[in-house]
């Protein structure tokens, strides 16, 4: 077994997750400093709520003990209101630091991780791409896995620290206040934790299955879009849409299960919480009646312990994200650490002072790692320097494999390949490939300018050298006729150019390298006769004084080569010049191949002549009408009035809110939305009703009639148990039907977007922003975010948090899409990348695309952190202001009147969650939704 195969097996045996420290493998000193202050800020933010509850408990006791002393009560309330403001300022600063710094360092570290990953991928040998790359989606690692890592080391770890800090400080406060209640609360808390944990595990499992289903749908979409010309040529748009629709059905079914599981899970968790409230309030009543503690302390203890449990539950999703980030980081880091035996960056190997160009295969045996049968067995041949050597043969005979082995994409299993008498294994890889120029059957051009594509042949060349190489390749004349000349963008996969034009640019790229050895791998097999003529003229210039190896499909192109070798089953069965081989007649394999191709080409020419004759007749009959229609279409499109009309229509379309257009798309599910809204309203009513019940208990705590106190506490406890029973169906109703609405909407929008994409003309796909990677990413990301488009979001409060937390999502979708598209190009054309040694240039361009989000992360982090911190300050100030104003304008000094509004806001505030998700949704609507949804004709 080869060393390469051993390294692959060793990598496959590695653990699926890495240590937590592995998440921070690419942090520098500044990142560690940012993480330290961010951790301090997050922990301080989490500790604020328990401190606030202590102040709340003191307020309750003050209202009871000082009710007969108005002046002392006023002084105490003013003091506590001021303390709330101070606490709010502390929370603002800590929240600001926590959010801003975690966002900043998360973007910095993930950018390095992405760059290092793509750099490592491009350094792998071809064995990796033939084996592992088939099983693992490399682009998925760059996009989805990197996002999981960024999520883990960004805002999620900040949330986790905040909630864990809140839980720890809350428990400490509970034990230091009323330890009896704390112990009882801890006894029932595991039930809530188990319920929440089970719910989280089930949701995580369904989420993974759903992501996998959507990933499969994404593969279908990307495959269709990347082959759009073939789809259009066969008028297969309907079939493609049907296939995409079928691939979405699995995800839709899993989404329904997810909604049901979420409703039951949340309902059971809150049901157990209400039961816990009933038990704790009953026991607190006993302690207060027996004067073990005061009502304020008992209440503070209950809230601290229960909110500690809440905090653990809220930390669970962040811990889950952290675990996913570890697993994703493991996948990426394993790749980064997987160094092939020989890389182009290695200085290991001999550099010859001069290359003559003699190549020899000495008893070479070889089989591909992904296949078992041998391609070559004891193959020996000699290619003389400066000569032209052509290989022909049936498909699978090993012609292109010879090119790959000379380029050292693969190592021989046995035997040697010699360059000027030196085993190429002993030569430095980067230097060896610099001596060769490769032109393949399908020219691999990158989505940049013509000049940049040619420059890949020699990164240090000047513009004059680029022009000279284009002249040699017979490409200069057509390049000059283009509007942008050498600065013309070729589009994704060079789709802006014809096949012959692309091939001539590929030849110019090889010429600019000034190689000693020229490798032509079926370079004209996909071209028409006219393009082939231009390419042949270019080759005649290029091949002068170079060792040239040709893999030929069209035998007419190699009649003038020095030697032709016929391969069959990995062996050379005959060789010689064209004249020598053709003279063998029917006894020669080459002669038979020439005769077959000649007769096939004659038949094809006859069919083409007949088709052209029929086409010309039909064209002449319908020319006048067609020309007139085209003329009027062009005239109308160029008319000034029509342009204004189009602009007005675009403004009118842009003025329509994409949110409401999306809601109209959800019209078939509006009945489900009504049922979900009923559940949401009932669930929303629980917070103020719970607050009302608890304030009744607080009032009863300070009643002088013990019988009345017991009766009031018993009644409220029974009400809480009743609330627990109806909580499960209420939340199931809400989450199941809202999730059903969201899943139906995202499925419908995906299909509409996909159909709208397929309605565009071919030229639309040539634009950079409409590359297959970009469009597939849009289908996956934007439609998925519409899952959060529910009535509960549209009527949600906490507007300030919602707006400012948009920074969590980051308006970086375009930059990431461009980077992913660049990576996809490089990986798809990996042989060209390796042959011309442009890995460093690809990595540099990839890193450049990530500079924009990295630079903006600091600014956006501070904007988001400041806004989020300010919203927290407003919350605490509203408590203080409400306390003072209620006391000032309420002459009754009623305990219920002051504490009830406080607790209603406090309880409702704890139930508000999922802010970052909403923030990302806001970004989607603002930046992507309008452009994409408007493409859907509905």
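Cβ atoms here come from the backbone N, Cα and C positions, even for glycine.
Whatever TrEMBL says is automated annotation, not expert-curated.
Per TrEMBL, the listed range annotated as transmembrane segment is 263-289 (candidates: 128-154, 209-235, 236-262, 263-289). Per TrEMBL, the range carrying the annotation transmembrane segment out of 619-642, 643-666, 715-738 is 715-738. From the options 178-202, 303-327, the stretch TrEMBL describes as transmembrane segment is 178-202. According to TrEMBL, the feature transmembrane segment maps to residues 670-703, out of the candidate ranges 534-567, 568-601, 670-703, 772-805. In TrEMBL, the feature transmembrane segment is placed on 32-60, out of the ranges 3-31, 32-60.
Non-local neighbours of the transmembrane segment (32-60) in the same chain are 24, 77, 80, 83-84, 87, 90-91, 93-98, 100-102, 104-105, 158-159, 161-167, 169-170, 172-173, 177, 295-297, 299-300, 303-304, 307-308, 311, 698, 872, 876, 879, 883, 895, 898-899, 902, 906; each lies 6+ residues outside the stretch with a CB under 8 Å from one of its CB atoms. Within the chain carrying the transmembrane segment (178-202), a Cβ under 8 angstroms from the stretch's Cβ atoms is held by residues 171, 261-262, 264-266, 268-269, 272-273, 275-276, 279-280, 283-284, 287, 292-293, 297-298, 301-302, 305-306, 308-309, 312-313, 316-317, 320, all 6 or more beyond its ends.
Only pairs six or more apart in sequence are counted, and the transmembrane segment (263-289) with the transmembrane segment (81-103) gives fewer than three Cβ pairs under 8 Å, not enough to call it a contact.
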